[in-house]
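Asks: Before I ask anything, let me first share the structure, which is written out below as structure tokens.
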Amino acid sequence: MCGIVGIVSVGENSVNQEIYDALTILQHRGQDAAGIVTCDNGRFYQRKDNGLVKDVFRTRHMRDLLGTTGIGHVRYPTAGSSSSAEAQPFYVNSPYGIVMGHNGNLTNAHELAEEIYRTDLRHLNTNSDSEVLLNIFAHELKEQGKLEIDSNDVFNAIRKVHKRVRGGYAAVGLISTIGVFAFRDPFGLRPCVVGKRETAAGTDYMVASESVALDGLGFTLIKDLAPGEAVVITDSGEINFEQCAENPVSSPCIFEYVYFARPDSMIDDISVYKSRLRMGEKLADKILRDWPDHDIDVVMPIPDTSRTSAIELANKLGRPYREGFIKNRYIGRTFIMPGQQLRKKSVRQKLNPIDLEFEGKNVLLVDDSIVRGTTSGQIVQMAREAGAKKVYFVSASPAVRYPYVYGIDMPSPSELVASSRTTEEVAEIIGCDKLIYQDLDDLIDAVSAGSDNVNKFDTSCFSGIYATGDITPEYLASLDASRNDDAQSAKQKIGQESVGIHNGS
Ligand SMILES: O=P(O)(O)OC[C@H]1O[C@H](OP(=O)(O)OP(=O)(O)O)[C@H](O)[C@@H]1O
Ligand SMILES: NC(=O)CC[C@H](N)C(=O)O
Ligand SMILES: [Mg+2]
């Protein structure tokens, strides 16, 4: 679930530092690679590599990122490899010079890659689906057949992109002759907001994956891009929106609210924080309804993401909320780390129990989700070692049973602990005395209660129903084969990663 950002500043100010700052705010969406491209007088300046934002950009790189327009990206790979050659943004020189950063996953990337080669006569240098997206866009823009283009030509190209491309995508790009553009897939699977900031020189504009990035840089939200909608912001600060999809259907990804987004973000006008509070409330209702004589002594979150739900759950249950696990603030999110070995090791390094909160108590551990069971299994064991009498576990989302295909790397049913297992069987595997999952309807209610307009979500990893309606068993099987943990580590061992042609050190 990558993070994207684009800024157009109408004053003299370079955007390099602001894009850097926005990427650090969006770091929770991707920890593997980061990149920035700026544009000055028709020339692009780029720095991208594997690593966290703070490690990728040194002073010398920042100095070279000239210009008052630019885009940035933080990556969590869901296609191709983890090679630095697939760090984003990607660049094509024709037509006009275009760079693009993408959040999401294209489900017809292989077919499109063939078309790009055979029909569009373009070259792909990596296995990244984002490079595919950029080349499709570039081809369609070239098809407009103009030496000088305007916003309408960009919108026309995006119309064609929506027709050819399947899957989840929010993309931000920069065209050397125009400025910044962004677009969102026709189902609105991936989020994208647009904001503005008044300055003495005029209005600056920014696009970002989450509104929290706007807040941090002093921008105010204009709107979320609607599903299928696009925006073009010219170098001189002219902004135009256009609906580019024929039949847009709003179906944002519910997992953004469960886990991915920061709680202080608004997505599609719904506060992520409030939706998580409501998830806690619904869980408390379920416990009181199904287990009225429970003997829970204390409620504890598994930091970070479940904190918000756990607070409200404890409140409604009338039991004390305690922070029994302390998080090492220098370790990032474990779920989006590459490789099961690293994820497993990181849980212990990241979370440490305060024994006195556990000794002799029946504890209710709260997490936002149980995906592979990496976190929950180890945490239950740590709670027992810390002296808990009974360890109960609740998940603020339902059991994750199906692979996700629109930009979260869970490709393999066999790696999902709840796939083809009952709740009792999962409880046994993670070692807790009782396990309670949120009901899907309650999760949907918890999120949709924040909006009059959005009441349909992609819930595919919980329900097996894919919003785009075109996910076949064959596609799921090929995704599993190419991206399960074994396939990925085999790829790394035999050096099948692309070598970048993009970058010095
Ligand atoms: O069942 P699993 O495969 O372990 O995945 C689920 C866990 O991973 C995530 O935490 P993560 O450490 O990534 O981030 P957080 O600090 O934001 O909670 C999520 O919040 C769960 O705790
Ligand atoms: N998490 C994402 O949004 C990934 C974007 C893209 N599919 C990549 O792998 O780079
Ligand atoms: Mg967590």
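Cβ coordinates are placed from backbone N, Cα and C, and glycine is handled just like the others.
Pulled these from TrEMBL:
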{"type": "ACT_SITE", "residues": "Cys2", "note": "active site, nucleophile"}
{"type": "BINDING", "residues": "Thr305, Asp367, Asp368", "note": "Mg(2+) binding site"}
{"type": "DOMAIN", "residues": "2-236", "note": "domain 'Glutamine amidotransferase type-2'"}
Asks: Given the binding-site residues Asp367, Asp368, which one is most crowded in terms of C-beta atoms within 10 angstroms?
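Replies: Counting every other Cβ within 10 Å of each candidate, the maximum falls on Asp368.
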Asks: Quick one: average pLDDT across the domain 'Glutamine amidotransferase type-2' (2-236), no decimals.
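Replies: When the pLDDT values over the domain 'Glutamine amidotransferase type-2' (2-236) are averaged, the result is 96.
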Asks: For the Mg(2+) site (Thr305, Asp367, Asp368), what does the 8 A shell look like? I mean other same-chain residues with CB within 8 A of the CB centroid.
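Replies: For the Mg(2+) site the neighbour list reads Val258, Tyr259, Pro301, Ile302, Asp304, Ser306, Ser309, Val366, Ser369, Ser395, Ala396.
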Asks: Measuring Cα to Cα, tell me the gap between Thr305 (Mg(2+) binding site) and Cys2 (active site, nucleophile) in whole angstrom.
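Replies: Thr305 (Mg(2+) binding site) and Cys2 (active site, nucleophile) have their Cα atoms 17 Å apart.
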Asks: For ligand 2, list the recorded positions among Cys2, Thr305, Asp367, Asp368 whose CB atom is within a distance below 6 Å of it, in sequence order.
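Replies: Checking each Cβ against ligand 2, the ones under 6 Å are Cys2.
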Asks: Using a Cβ-Cβ cut-off under 8 angstroms and a sequence gap of six or more, which residues of the chain neighbour Cys2 (active site, nucleophile)?
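Replies: Residues satisfying the criterion: Arg29, Gly30, His73, Val74, Arg75, Tyr76, Gln88, Gly101, His102, Asn103, Gly104, Ser209, Gly407.
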